[in-house]
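What follows is a single structure, written as structure tokens, with notes after it.
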Amino acid sequence: MLKKTLSAVAWLCIFLVAFVSHPVWPQKPPKRKTPAELTAATCCEEAKALQAQIANLSSLLSDLGKKQERDWVSVVMQVMELESSAKSMETRLTEAESKYSEMNNQIGIMQLQAAQTVTQTSADAIYDCSSLYQKNYRISGVYKLPPDDFLGSPELEVFCDMETSGGGWTIIQRRKSGLVSFYRDWKQYKQGFGSIRGDFWLGNDHIHRLSRRPTRLRVEMQDWEGNMRYAEYSHFVLGNELNSYRLFLGNYSGDVGNDALIYHNNTAFSTKDKDNDNCLDKCAQLRKGGYWYNCCTDSNLNGVYYRLGEHNKHLDGITWYGWHGSSYSLKRVEMKIRPEDFQP
């Protein structure tokens, strides 16, 4: 009996422990949403979706606006460049039309001048000292040749020899005092230098213009003993600057002995800053002048002026090998030209 009672108590204790550890209470059933609440939830989700779409559209519109602004700026810049190019082309066209008109005017003037020149006789125009001689200017001295717009020559001061061998000579070079250095550069020989009444070089540009028609060259020399000699050439031409003022000579005549200028025939002009000679050495620097150096000289009429006592000790003096050799520097030299058809 006691065993049954104890067994019942044990089972009761086990039940109580199990109940306390895992109580079982009655639960309420879940509350269902009303139709209004379901509708509100659906609207919120749609609103959020619309807000997202609006944000995306705003971003797209912003990007499109920026791109449109950039495209507009680019279009404006292109329009401005086109307008600038159009103005530039218009300016160029205007300048071209102006130059064309000016050229037509110049051609008209030149044609008129040419027509007037054809009707003139040689006595009407003054080209050089021979023209002055034909106009009865018979006194040797300084004259001014008027400018010639048709030939492009400016007014030119020259020294005319109206006495020697019939007169009419235009002097292009003189050495007599030694007061002017002839060791000059290309530009100075091109333009001319010195004193027209003393030592001078007329200028290669001027000499070129004066020798464009058939011209005779005369070279007169004097030594320190007072002896006089001359050399003449039936045909003298000086090329233009593009041709390096190349020298061309015809037949020689005179009493100076051997022709010492023919060695320089068909030779370009050289100066200390422009070496056009036919030698490895720079002859203009060796001979201290500007001249038609070949390789190097048989004459050096633009060399250093040495006075008596020093005149026979140097190779860079004013020399004419055919008379006194290579180391004798002359006392006086003149180079002069006149037309071949000149008649006193």
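Backbone N, Cα and C atoms are what each Cβ position is placed from, and that goes for glycine too.
Listed in Swiss-Prot:
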- 1-26: signal peptide (SIGNAL)
- 37-116: coiled coil (COILED)
- Asn56: N-linked glycosylation site (CARBOHYD)
- 120-341: domain 'Fibrinogen C-terminal' (DOMAIN)
- Cys129-Cys160: disulfide bond (DISULFID)
- Asn251: N-linked glycosylation site (CARBOHYD)
- Asn265: N-linked glycosylation site (CARBOHYD)
- Cys283-Cys296: disulfide bond (DISULFID)
* What is the separation, in Å, between the Cα atoms of Cys296 (disulfide bond) and Asn56 (N-linked glycosylation site)? -> 93
* Structure fact -> Once DSSP output is merged into helix, strand and coil, Asn251 (N-linked glycosylation site) belongs to coil
* **Inter-residue C-alpha distance, Asn265 (N-linked glycosylation site) and Asn251 (N-linked glycosylation site) (nearest angstrom)** => 11
* Of the recorded positions Cys160, Asn251, Cys283, which one sits closest to Asn56 (N-linked glycosylation site) when you measure Cα to Cα? -> Cys283
* the domain 'Fibrinogen C-terminal' (120-341): mean pLDDT? -> 94
* Measuring Cα to Cα, how many angstrom lie between Asn251 (N-linked glycosylation site) and Cys283 (disulfide bond)? -> 26
* Asked: If you count Cβ atoms within 10 Å of the Cβ of Cys283 (disulfide bond), leaving out that atom itself, what do you get?
  -> 24
